[in-house]
Amino acid sequence: MDSVASMLEGLNAAQKAAVTSQSSVVQVLAPPGSGKTKTLTARVAYLISHLGMHPGNIIVCTFTVKAAREMRERLTALLGSETVNKLLLGTFHSISRRFLVTYGRHIQLNEKFGIADTSDSKSIVTRIIKRLGLTIDPKTARNRISTFKSKGTTAEQYAEETASKVQKRANAETVLRNQEIVAVYSGYEEHLRVSNLLDYDDLLVKCRELLRSHPSCVDHIQAVLIDEFQDTNHIQFDLMRRFSSARKVVTTVGDPDQSIYGWRSADVTNLKKMKENFPDLHVVNLEENYRSSGAILLAAQEIIEQDQSRPAKSLMPTHALGLSPVLRKLPRASKEAQWIVCELKRTIALTAGLLNWDDYAILLRSAALSRLIEKELGNHGIPYRMVGGHRFFDRYEVRLLLDYLRVIDLPGHTDALARVLNTPARQIGDGTMKVLLDEAASRQVSLWVIVRGIAQDSIKLTPKPKRSEDGKTKMVEQISKQAKRGLETFFNIIHTSRVKLDETSDDSLVQFIEWVVKKIGLLKHLKEKCTEEEELQGRWANVEELIANAEEAVTKEYEDERIPSHEEQDPPEPVDGSVPRSRVETLRKFLGNVALSTEAEQKEDGASTGHVTISTIHAAKGLEWPFVFIPAVYDGSIPHSRAEDNDEERRLLYVAMTRAQAMLYLSYPDKNSQQGATTLSHFLSSRNITQHFSIAGPTVKTEDVHEMSLILRRECPNVKSIAAAQERTRPREDKKFLKYSYNGEDMEYTDDDSEAESKKRKWNSTEGFVPPGKRTQMKGFDTVKALMDQGELSTANTTLPTSFTSAKTLARSADLPPLSVPHGAREIAPVRTMLQASSSSTSKPASQQQSSIMGYFGKKADTTAASTSNLVLQPLSHNSLCPHPGREMTEASASPASSFASFKHADDPSCPKQPAPAAIGLSRNALAATHGPGFKPPTIANHSTRLPLDTSEANQMAESRVTKLKPARTLHSLTTTTTPLGYPMNAVGRSYGAKMSMNGWQNRTHK
DNA sequence: CGCTGGCCCTACGGC
DNA sequence: AGGGCCAGCG
Ligand SMILES: Nc1ncnc2c1ncn2[C@@H]1O[C@H](COP(=O)(O)OP(=O)(O)OP(=O)(O)O)[C@@H](O)[C@H]1O
């Protein structure tokens, strides 16, 4: 079938196996960047176009709103928007919400329910704690309650548990605390119930309740697909089972190493529970990484392998080693921000149009770290966007308007009501508020009923006796005249708005909101609040953005509120898709979307140059960028001082690093914002790690740009424009505060010619940066080059610096099997052999080499390791240096344009027979392999047929490289062959990748 | 009693 | 940046 073929285009064999699996339950377990999401997407397409499933009968769950958006885009490219809009696609929460809106009445749920967001929950909990005079911290209480809910423990169950503990005379203090929690928990649940609110956990809990008692709601569901399964919690697992109960067709993808949501009860063991629940589970592992450069992966791999409990797993780069990642120390956070921006501007200029601002991301452990960076970006007029963290919908002015809308929709929403009742000020202060709330409590009605009653004079509060100054007592109204007037004003706003909302009219939701804004006098209120014009502008712009967002939310064709049941699943062509539902419903849908999305979706204005993304690491999950900066990598920030799970913090760093495609920068300030001295994150401080980093950013030579274009699969700017860019760009080198990184002096490097030297500096964990002259111990990235540079190619000549006392290290490398080869390696052993063999051509000291390779493949040796490992030390023949025979090799060596490495030889007599052609060839090959036999690797020559780049120019480019460019950068390509980075997958009979076993994953998930 | 302004504290992560 | 708290004023 042609459509299937096109659907499978660009997938490797293992991915295809997962996509086309005839097994009903498929689980893809694979490392970052291996194409899990891509596979899941293709599987959806396969289920629809090959197996003929109806898109309306397929549930696709992602973990974040952003991921859902990304998935929607990818699917739309495959299937077209009409099909994709019918899918039940979204987060667990949004899908659950839709089921509850549609069928909630079956479980006595008022389907007009509102959603209690974080600040609602917080204020409810705080109020209860105050009312009961408890001592527990509201945030702790809220977290505990959420944990109970997501594990399925109800308030009653927990109360019983606690009671039984009391009888067992458990620790008195804990019992007391638990009793407080019991009280808050039940009070909280009660409050939600009477306000007709569901909190985030309730959406899942209630949906499960619905499906438990009415499984027929999902009778029509033919397939369930779930991304990022490692971050699902107990209830979500159960929901997955129930969603799929009719056909039991499930596809999940996940990676235990990327589990970063344990703090909200995500449970990695859900991965292993799949096997228990679905014995005929088909497990597919993917091993090739298509995202990142080899150097980035080496560094990231080294990080994750610090986790001792983690089994070794393989992760094969498909790209060349690429540019060395950077780890940089700066004097202060403000300087760190300056350096980042400087480096941003330098690299975007030097890459001559290869990149735009969209290609940069700055990933943060906590959102608060963004402020200095935002300021600096603003100073330089660089467009940026903050994702995650401090939320747009939590801004004062946005929140205020939203709360009004929520009260209009649901006057029983007491918390929202309490927040807006006296904003803008209406003489309804604390005193009045207390009177109103007490009255509501004693009458057992909502606050709204009291407000309405007083405003309409149907409720009159009896005056209370009060002692005046002269000692006499007299009767005083509980509600002052001014307060009463305020209540009337407020009631009027809500009431008339509500009437307007209900009446049939052609007005859109946007017009309605604008009307409400006027009615509130929001602009006037903001004018009074803001002291500066600029602030007002900003806040008003936010209000406008919210309104624009409402328009968008409503015009979205997908996410019909109600889930079409199976009878009506293929409804006759809608008379007119735009027939509006009632405006109340539209408003409710908008408010629901708001509560379930972190950020307002923003439209890009016109033809822009894109924007830099600033994001929390959590929110960056599943995404990728060509250039990634991770500032503030110091202890206390990451791992965060309040984090409970150190391993999870490490995985967080791993996730952040593996977002990068071509270039990765880590940095930290010497002093944190409170002037306290910081230390480099202990995840990064060991020599094993720092060896993977350089101190300064790349020089960005022509060949670097070319290599980046290969990694990014983009067309490479031509030589002329790159040269011109280099001519233009100032500064050309990354030297801002470089000296500080080197010796801790708070001074800026000015223009001088010592960069070349400083560029060679590498990290040393104990001494900071070691000047190149003193450095003798090097591994990994720069080893080969350095050894060549220094002519130190034998063990004897390589002395270890004292800071790197090596007895232990050497022992370690000697004791352990020298190479751990992943399970699947057997299939590609001949190739690997060549690669390993070639690596010894540099006569690197065996111990160094081993630990470097081991570091890549994991500490725990595989059983296959021993046999293969011997090969490392085998002598090699020149032939064996060619890892990809046939056409590829011929091309690589014959066409000057196809390999930079080949020029290295012409140029550099110090390495007469380096296996350099393999380097670029590797990445080319990898590309070719993933694109099938017909694929032409994007060499310059090929570009000339596709680009408006004429042959003479191409020749020029090739020539310029031969004659003019100093091929310093071939180093990294060369190094590619010294570690088993990637392998030419089309060189051997190719059952690579597809392994239907749990492999290394098994160990972890069966713990 | 309520409003306003100023001060300090405090910020992990997100559906 | 926002919330809580206090002082001073209407
Ligand atoms: N077979 C392939 N050939 C070429 N590129 C691929 C292939 N599979 C995936 N990619 C690319 O690799 C990148 C990462 O893919 P994807 O986001 O699906 O990985 P992932 O496993 O979901 O990563 P993560 O675990 O970080 O979410 C994407 O740019 C994707 O287009």
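Note that Cβ sites are derived from N, Cα and C of the backbone, with glycine treated the same way.
It should be emphasised that the depicted structure is a prediction, and the values quoted were computed from it without experimental measurement.
Annotation comment: TrEMBL describes A:Ala30, A:Pro31, A:Pro32, A:Gly33, A:Ser34, A:Gly35, A:Lys36, A:Thr37 as ATP binding site. What TrEMBL records for A:557-569 is compositional bias 'Basic and acidic residues'. Residues or ranges marked as domain 'UvrD-like helicase ATP-binding' in TrEMBL: A:9-293. According to TrEMBL, the domain 'UvrD-like helicase C-terminal' annotation covers A:294-622. What TrEMBL lists as region 'Disordered' is A:557-580, A:749-777.
Known features from TrEMBL, placed on the structure.
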residue : record           : Cβ contacts under 8 Å, 6 or more apart
A:Ala30 : ATP binding site : A:Lys36, A:Val253, A:Asp255, A:Val284, A:Asn285, A:Leu286, A:Glu287
A:Pro31 : ATP binding site : A:Asp255, A:Asp257, A:Leu286, A:Glu287, A:Asn289, A:Lys313, A:Leu315, A:Thr658
A:Pro32 : ATP binding site : A:Asp255, A:Asp257, A:Gln258, A:Asn289, A:Arg291, A:Ser292, A:Ala300, A:Tyr654, A:Val655, A:Thr658
A:Gly33 : ATP binding site : A:Asn289, A:Tyr290, A:Arg291, A:Ser292, A:Glu624, A:Thr658
A:Ser34 : ATP binding site : A:Leu286, A:Glu287, A:Glu288, A:Asn289, A:Tyr290, A:Leu315
A:Gly35 : ATP binding site : A:Leu11, A:Asn12, A:Gln15, A:Leu286, A:Glu288, A:Tyr290
A:Thr37 : ATP binding site : A:Ala67, A:Glu70, A:Met71, A:Arg74, A:Asp227, A:Val253, A:Gly622
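Counting every protein chain shown, the number of other Cβ atoms lying within 10 Å of the Cβ of A:Lys36 (ATP binding site) is 26. Using the Cβ center of A:Ala30, A:Pro31, A:Pro32, A:Gly33, A:Ser34, A:Gly35, A:Lys36, A:Thr37 for ATP, the list of other same-chain residues with Cβ within 8 Å runs, in sequence order, A:Val253, A:Asp255, A:Leu286, A:Asn289, A:Tyr290, A:Arg291. Mean pLDDT for the domain 'UvrD-like helicase ATP-binding' (A:9-293) in the predicted structure: 92.
Following the DSSP three-state reduction, the secondary structure of A:Lys36 (ATP binding site) is helix.
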